[in-house]
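This report concerns only the one structure given below.
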Amino acid sequence: MTTVAVWVGVALIGGVGSVLRFVVDGAVARRASRPFPLGTLVVNLSGAALLGFLGGLALSREAALLAGTAFVGAYTTFSTWMLETQRLGEERQLRAALANIVVSVVLGGAAAFIGQQLAQLV
């Protein structure tokens, strides 16, 4: 694959990942009755599982770049997670802020591990 093709692929596939994040986050947020950022949590946990799965496969360098960096990188969002956690703290919702950190880290690690284990079964 040429460098130009990889760059174009990253741009296009990254666009798909970011649109999917917008759709999933919005759908979850509309159904959640609390100010807790559940949409971002669902996106990041599913992204961790997917990246773990992709990491467990024997992908070529280009395929890993397109699937992992472009799609999953655009789909997941560390910066939004941090901003939403900081806002919970500003609003004095300290338990929710701490829960967002702990749940994201613990379940994110577990999701990545499970994804990787599932890939080894394929």
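Each Cβ is built from the backbone N, Cα and C atoms, and glycine gets one as well.
What Swiss-Prot annotates here:
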- GLY73, THR76: Na(+) binding site (BINDING)
- 4-24: transmembrane segment (TRANSMEM)
- 38-58: transmembrane segment (TRANSMEM)
- 63-83: transmembrane segment (TRANSMEM)
- 96-116: transmembrane segment (TRANSMEM)
Item to check | Folded-back contacts onto the transmembrane segment (38-58), same chain, C-beta under 8 angstroms, at least six residues removed | outcome: 21, 24-29, 32, 64, 67-68, 72, 75-78, 80-81, 84, 100, 103-104, 107-109, 111-120, 122
Checklist outcome for this item: Given the transmembrane segment (96-116), its same-chain partners at Cβ distance under 8 Å and 6+ residues beyond its ends are 35-37, 41, 44-46, 48-56, 81, 84-86, 88-89
